[in-house]
Every structure is written in C-alpha cells, then in structure tokens.
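Look at Swiss-Prot and you will find 1-335 tagged as region 'L-carnitine dehydrogenase', backed by a curator's inference. Per Swiss-Prot, NAD(+) binding site is recorded for GLY11, GLY12, GLY13, VAL14, ILE15, GLY16, and the stated evidence type is sequence analysis. Summarising the annotation, Swiss-Prot assigns region 'Betainyl-CoA thioesterase' to 336-496 and lists a curator's inference as the type of evidence.
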Amino acid sequence: MTTITKAACIGGGVIGGAWAARFALAGIDVNIFDPHPEAERIIGEVMANAERAYGMLTMAPLPPRGKFTFCRSIQEAVEGVDWIQESVPERLPLKRGVINEIDAAARPDALIGSSTSGLLPSDLQAEMKHPERMFVAHPYNPVYLLPLVELVGGRKTSPETIRRAEEAVAEIGMKGVVIAKEIEAFVGDRLLEALWREALWLIQDDICDTETLDDVMRYSFGMRWAQMGLFETYRIAGGEAGMRHFLAQFGPCLKWPWTKFTDVVDLDDALVEKIGAQSDAQAAGRSIRELERIRDENLVGIMHALKAGDGGKGWGAGKLLADFEKRLWEKGGSPSKSLDASGPLRLVDTKVNAAWVDYNGHMTEHRYLQLFGDTSDALLKVIGVDFAYVEAGHSYYTVETHIRHLGEAKLGQALYTTLQLLSSDEKRIHFFTRIHDAASGDVIATAEQMMLHVDAKAGKSVPAPAEVMAKLKPIAEGHAKLDAPDGAGRHVGQKR
C-alpha cells in the first residue's frame, strides 16, 4: 500500500493551497513553495476554511494536523518528500520548466502530480529525466472537500506510478479515477466546457440572466448529478426498459438544433461586463470567503445525506466518506502510551473550531455531547472495544447521560477531557467526564454517563468478555481510591 508521509506543493493558489490543506488534515507535513508575497496569508485562509469544513464533515478522530513549511526554492521544497503536487499557472512552458526542476531535485521514487486542467501529461513530461513517475492529478475545487482526482498518465508514465497514485489518494479520502487515454481537458473539464459554452450563449442572447441559469441547475438536474451522475440518471429516465429505451426515445434529439456549444461565443468586453454585473447582483454583497463557507456547508450536507444512502451503506461520495471515516477510526486505535489510573484519565485534547460555535462564538450544545462521546469512545479503545470489536457484533451503548454546563467554551479555545470511573460490572460502565480549559484546568462542563455492553445483532445486553474486563479492572481499582467527583449523582433541578 502506497502512503504519503510527506508532501510538497509547488504553487499555493486556490488549487495548490487546497491541496496543502487536504494533505495537512490527513496528518501529512507539507513543504510549500510559492513566490507570491502573500502566499502564507492566502494558504492560511484556505486552511481555516478547510478546518471549519472538516469540523462539520466528520466526528472520526483526525490525525494531528500536518505542519506547513514555506520554502525558498523548489529544490528545498521537494527534498525527501513522497508526493509533489505542481499547481502553477496554466502555461505549458512555465509548467514544463517547473516540472523539470522538480524532476532534477526530487527523490527518484517520488510521485510527481500536476494539477493542470487540460494540458497533456505527455507534453509536460517531454523533457524529464524520470518521466515514468509523472502524471496528471487533476482535482476539483475545493480540493479539501471534493474527493475526485482524475489520474492521467502520459506516454512515458509507468502503470506502476498510476497504481501507486490511486492507492495514495485513497488514503487521504480521495477517489482516484484513472482516465484510460490522455486527451486535452480529460473528462470532467470537457463536460464543463460544453455546458459553459452553452451557458455563455444563453446570457449573450438574453435568454436568461446568471441567477436564473444557476437556479435551473441547482433546483433540478444539479441535484440528480450530485448523486447519480449523467448515465445512471438517464437510465432511470428510460423507465423499466432502461437505457436502451431512453436512447431510442431521445437519440433523435441529437439531430435537432437545440444547442450552440459547438460555436464559440465572442467573449468581448460587453459580454464580460454583462456577466460581471449580473454575477455581482446575484452575490448580494457576499464576499468570496462568505460564498466559500456557504458552499462548503452545503457540500458537507450533501455528503452526509449520501453517506446515509443505499440503506445506510452509503452512495457515491457518501460511501467514500464512510470508507474514509472507517479508516480514521481504525487508525485512531488505542492511545500509544500507558494510562495512569491513579487519577482521572486524560483522553482527548482538542480545540474549538469554527464549525463548533454559534452566532455568539460559543461552543454549541451538541458539540459538548460530541466531545463527551469522543471521550467515552477513547475509553472503549483503551479496554479493547475498537472498530474491529464493534464490527464483530458487540459494543457498549450509552443508556443515560446527565450534562452540567459550568462555563463557556469559545472559538479557538484549547480543551482537554478527563474521565473517572465510578463503578463497573460485567455489563455496565458508570463514569464521570470533565471538559477542562487547557490553559487554566478549570472545568467547563461535566457529564455523568452509563453504558451497557450489548450484542448488537440480538439487540440485548450481554456480559462483556474476559479480555475486556481484564483491561477495565486496573482502571476500576485505581479510581475506586479517588474521591467522588463534585456533581456526581445530581439530577436536574436539584438544590445545592
């Protein structure tokens, strides 16, 4: 299995910066080279958007965030890395020169991907000394959320390189689609180009404005495409007779003059101004960053809906998200260091991110419950109740929870949790969790909870196996010597 342990991003604009965010959120350190004087600020803003999106996207345990290192040269950036992603402006001489420089300085086995939207990989690798490890890795914006990457080899690209690239992107939650033959603009951008040309004609000829055109897409076939694509959508349109009936019914339409996309619209100053003015009105004063955040929230919602599709197995991008989360849970594993049961167990360290706060900048109620849940999950991993254990059919279910809010958690605040076992037996675990401010140690919230060991298939409680009880025993013995926590046993409305 090919994995990326360290990456380099050459070019840190919209695409390059988002690649860097995707790598970093997968726990990969990233070297960045971009001569733009504000590259660090730009990439920092992209990273902030990405962290906010991931905070909404998944509750699976993400690895520690990879570190950004801004380098002074391409040579410095590519030294010792596994994957190099080139994302410089779309000009063949510039890209070819940058790729040649990467080729000369990179490790012989390092993978070199280009984010080009349409240039042929054979043209990009023409002057390389090691062209066999170079390929197109064409993503879609925002790279940190949209999982697709088109993998396109050139004439000199080895099949082994494409295989390694496909494995590597899967490990960071992406869907590597291998394009069988190289062609300008590959697959996705050729489809987008056709749609874009027709859209420009519709605006040019005053058939509609930009908002009307976007409404037609987002309230209709755009929703279908997000979950079934083009051909599967049309298969359904053919009814019980399927695709062949659809083609027989609508095939003759191809000879009708319904489109103008084979003609190139004259994108003159007047049309540019027309589209620009309509787009400004459509944005209604929202900044690009605001629109990006709205886009990201909507994409997260779509992926969550797709994750629940096909009877809970996941569908399309949602199934990919479910598979990625499964790997994250498996990698979360048990803590690498032994835990000291002479005091409450410190199990989770985190920071309040933008996805966790309300309009007041305070952490929302359900995020407190999420953090308590993350802590109980961490305890279960300590005693051997990991993903494989759950997949085998047994688990612990939470049956009772009492939360107290004693303070406020705010955006950017560092937090940690501690857990104290109150009692346990072969079926039950009764425990008390505190959320602390990392700087002062003050307790912000507490939760007293009870979990039952269950046979998930039978739908009933059953005794935990001996190996789980053996791991729970030293914690129970250590915590039996501790004073009862303040607040344990309280109920709602209880007088002090």
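Cβ from N, Cα, C; glycine included.
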Ask   = Which residues in the same chain, at least 6 apart in sequence, have a Cβ under 8 Å from the Cβ of GLY13 (NAD(+) binding site)?
value = ASP34, HIS36, ILE42, SER87
GLY11 (NAD(+) binding site), number of other Cβ atoms within 10 Å = 24
Ask   = Once GLY11, GLY12, GLY13, VAL14, ILE15, GLY16 are set aside, which residues in the chain still have Cβ within 8 Å of the Cβ centroid of the NAD(+) site?
value = CYS9, GLY17, ALA18, TRP19, ASP34, SER87, VAL88, SER115
For ILE15 (NAD(+) binding site), the number of other Cβ atoms found within 10 Å of its own Cβ = 23
Query = When you measure from the Cβ of GLY12 (NAD(+) binding site), how many other Cβ atoms are you left with inside 10 Å?
reply = 27
Query = Just counting, how many other CB atoms are there within 10 A of the CB of GLY16 (NAD(+) binding site)?
reply = 25
Ask   = If one looks at the chain holding VAL14 (NAD(+) binding site), which residues at least 6 apart in sequence have a CB under 8 angstroms from its CB?
value = VAL46, ASN141
